[in-house]
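Per Swiss-Prot, the features are:
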{"type": "MOD_RES", "residues": "Thr5", "note": "phosphothreonine"}
{"type": "REPEAT", "residues": "22-75", "note": "repeat 'WD 1'"}
{"type": "REPEAT", "residues": "78-116", "note": "repeat 'WD 2'"}
{"type": "REPEAT", "residues": "123-162", "note": "repeat 'WD 3'"}
{"type": "REPEAT", "residues": "165-205", "note": "repeat 'WD 4'"}
{"type": "REPEAT", "residues": "209-250", "note": "repeat 'WD 5'"}
{"type": "REPEAT", "residues": "253-293", "note": "repeat 'WD 6'"}
{"type": "REPEAT", "residues": "295-330", "note": "repeat 'WD 7'"}
Amino acid sequence: MRKETPPPLVPPAAREWNLPPNAPACMERQLEAARYRSDGALLLGASSLSGRCWAGSLWLFKDPCAAPNEGFCSAGVQTEAGVADLTWVGERGILVASDSGAVELWELDENETLIVSKFCKYEHDDIVSTVSVLSSGTQAVSGSKDICIKVWDLAQQVVLNSYRAHAAQVTCVAASPHKDSVFLSCSEDNRILLWDTRRPKPASQIGCSAPGYLPTSLAWHPQQSEVFVFGDENGTVSLVDTKSTSCVLSSAVHSQCVTGLVFSPHSVPFLASLSEDCSLAVLDSSLSELFRSQAHRDFVRDATWSPLNHSLLTTVGWDHQVVHHIVPTEPLPAPGPASVTE
């Protein structure tokens, strides 16, 4: 197990300050979400959770090492309210879950210096806490504190279905990367539901959450279509097989609530686990710890794996830090005799 944290990547000294048009002058303190694009560009979502107004913003950095310095972003835009969650839609679309109760779709212009609004729909009655794009890329699912889950047609900008299968606010939804009609949801009603929108009764309960500990985060295994992981408010991470609806593995990873789970794109994927205990843990397929970082000084809110460097994992948190971690992808060598360099 590796516990030391490498220093953050240092941006090059020679870089020109050039705030793009329409970008806000200042980024909000709390960083809520981060997503790499396939070319390595980094998208950030920020929120201000103090003061009289809960503002938010979106930022694109072609050079991730420059984040979160506003003057080195490629594009930025102010949002009406805080950004609770976001995800890429293709290479230029950005789907946002807003504190205002709206689901928003933004798009980069051709030069990628402007982020323009495509739609902003107030279909939820409370904060939209989570969004996920279905594998087809044309539909998405949103979950809210209003207890509702909604399936969207992004091209038509309409809600296709609205469900109230949970009895408390929805904390996470996760679209299957393998099947375009399947997704997961979890809620403060202590239930995890498996959805298939092709069925007359689309939701079925996965009876694997621990009594008394609410599930908070979900992630599908990138290669095994019937397997997913979830984290709970107690800091435990569990691996579930939907065929047996039982926990295959479970591990007490954190001392506080799990805030996010993100699989790597490796051939043998690693799992990044984030928590309100301000730590990041990287786990192997048996949920054993490979790497841990406590570089953040507040809640760690999101993580994203670089598509260009499989060792690079980037995290963001409420301390306004963007931390770049180098995670060992090969087993560490056994300690040998010390060598002397002349």
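Each residue, glycine too, has its Cβ placed from N, Cα and C.
Panel annotation: around the repeat 'WD 5' (209-250), residues 171-179, 184-188, 190-192, 194, 256-263, 265, 269, 271, 273, 275, 277, 283, 286-287 of the same chain, lying at least six beyond its termini, place a Cβ under 8 Å from a Cβ of the stretch. Averaged across the repeat 'WD 2' (78-116), the predicted model reaches a pLDDT of 97.
Within the same chain, residues 20-22, 24, 28, 30, 32-33, 35, 37-39, 43, 45-49, 54-58, 60, 62, 122-133, 137, 140, 142, 144, 146, 150, 152, 154, 157 sit at least 6 positions outside the repeat 'WD 2' (78-116) and bring their C-beta atoms closer than 8 Å to a C-beta of that stretch. Within the chain, the repeat 'WD 7' (295-330) has long-range Cβ neighbours (under 8 A, six or more residues past its boundaries) at 2, 5-6, 8-9, 27, 29-40, 42, 44, 49, 64-65, 67-68, 259-260, 262-266, 270, 272, 274-276, 278-280, 282. Long-range contacts of the repeat 'WD 4' (165-205) within its own chain (CB-CB distance under 8 A, at least 6 residues past either end) are made by residues 126, 129-136, 139-149, 151, 211-220, 222, 225, 228, 230, 240, 242. Note: the repeat 'WD 6' (253-293) comprises 0 helix, 20 strand, 21 coil (DSSP; helix = H, G, I, strand = E, B).
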